[in-house]
C-alpha cells in the first residue's frame, strides 16, 4: 500500500524542548510517531539535529529536521514507492538518503520519526497491533512476553539537585505474577517512598525529577537505598521487590585522572577522594551484598573498557551497557568481544531506525545478553517503545516512575496489551534477563 503523504512538525517533549513528530498517511489512515531525546547522551550516539539558533528555544529547535522530512525524506520515500511492510527496505533507503554513518546530514530525529510512523502504517495494513508487527519483523517466537517494569523512583546525578552521584534508583517487581500486579506493587512502593521522602527531607523532597522519581537532597547511594528499602518494607514487599541502579558514571569520570568523582556536583570536590575503577567496583559489590540489587547500568565510563571487563568477570548480576553501547552494532560487537557487559539498554533514538534497533536486540540475544527497552528523559505521549518491548520479548522496560503522563503512557499501553493478549502472554518476572527464551 503506497504512502500518500508524509508530514513532520515541531512539537514539545516533557522538558519543554522541541522534538519531531511525523505523520505518515496511507489508505488505512494517519499514522503518527514522536521522537524522544536524552539529557545525558552518549558520545557515540547518532546525531539529533538541532537548529543551533540561540534566539529560539535556546538553540534546541528542530525546524531543520522537520524541513528535512517535509522537503527531502517525504518526497523521496513516496516516489520510491516501497511497501510499508518492508521495514528493512524503508530504513535502508532512509540511511542511504542520509549517507553519513551517524545520520548527521538529515538528523536521526528526522529519520526515526519516519521509520516508526511507517511501522505503524504497516501494522494497520496487516490489521494487527504494532507489537505483533514488530514481532514479525524480529522473528520472535510466541507466546508474547510482558516486560518487568523497572521503575525509576529516586533520581540523582544529572537528573536532580542534591549531591547524590548515581543517576537512577529503580524498583523491580520481578516476583509479581503478572505485569499489572508488578505495576501495582511498584505504584504502592512509590507512594510510600514519596511520603517518606517528605517526612525525612521536607515537603520539597516530594518534588519529582524529569522521569517522575523523587529527588530529595541525598548525599550517598546508601542513603538512597536505605530510603527505598524502607519504602518497600512499608508497602509490605520486603524480599519480593528488587532494586536496580543506573549509575551513568560517564557523567562523573575524570578522564585525565582516570578516576571517578562521586562528589562531582561540588566545584570544590577533593581529588584525593576520587575512586579508581577497582574501588568503584568494590563499592558496587558491597552495595549488592547489602541490598537486593539485580541490575547495574553504566557502572563505568563509556570508554573505560578495562573497568567494564574487570567488573564483568567478578559479578553475577545484570550489567547493562547504555553509554557504553549506545544501541550501536559496532559498539555492541566490541562489548561482546571484550566481555564488558551482559545486557543492552535499547534506545531507538540512539540508533535512529526500527530495523537497526531490532538488529541490535538480536545481536545481543545471540550472545546470551538481556535487553532492556528504554525511554529517554525528554519523553512524549508516544507509546511505541511499549510495543517494541513486547514485540522483541525483551522482558524488561525502563520508562520512569509511575508518575508523569509521558511515563505512564507506556506503562498503560502495556496494561492494554496484557488485557488484549490474556493467556497468550507471559510475564517475564524473575527471568527478565533471559525472557527471549521463555
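Keep in mind that glycine also has a Cβ here, set from the backbone N, Cα and C atoms.
Taken from Swiss-Prot, the feature substrate binding site applies to 159, 168, 297, 322, 374, 375, 376, 377, 398, supported by similarity to another entry. Around residue 322 (Mg(2+) binding site), taking its Cβ as the centre, 27 other Cβ atoms fall within 10 Å, counting all chains.
In the three-state DSSP scheme, residue 211 (active site, proton donor) falls into the coil class. Here Swiss-Prot flags 211 as active site, proton donor, drawing on similarity to another entry.
Counting only same-chain residues six or more apart in sequence, the Cβ atoms lying under 8 angstroms from the Cβ of residue 246 (Mg(2+) binding site) belong to 152, 166, 167, 168, 170, 296, 297, 298, 320, 322, 398. Annotation comment: Swiss-Prot describes 246, 297, 322 as Mg(2+) binding site, evidence class similarity to another entry.
The Cβ of residue 347 (active site, proton acceptor) lies under 8 Å from the Cβ of 38, 322, 326, 327, 374, 375, 376, each on the same chain and at least six residues away in sequence. Marked as active site, proton acceptor by Swiss-Prot: 347.
Within 10 Å of the Cβ of residue 211 (active site, proton donor) there are 30 other Cβ atoms, across all protein chains. Look at residue 376 (substrate binding site): DSSP puts it in coil.
Residue 398 (substrate binding site) falls within a strand when secondary structure is assigned with DSSP. Note: the Mg(2+) site is recorded as 246, 297, 322; in the same chain, 167, 168, 245, 247, 248, 296, 298, 320, 321, 323, 345, 374, 398 also have Cβ atoms within 8 Å of that site's Cβ centroid.
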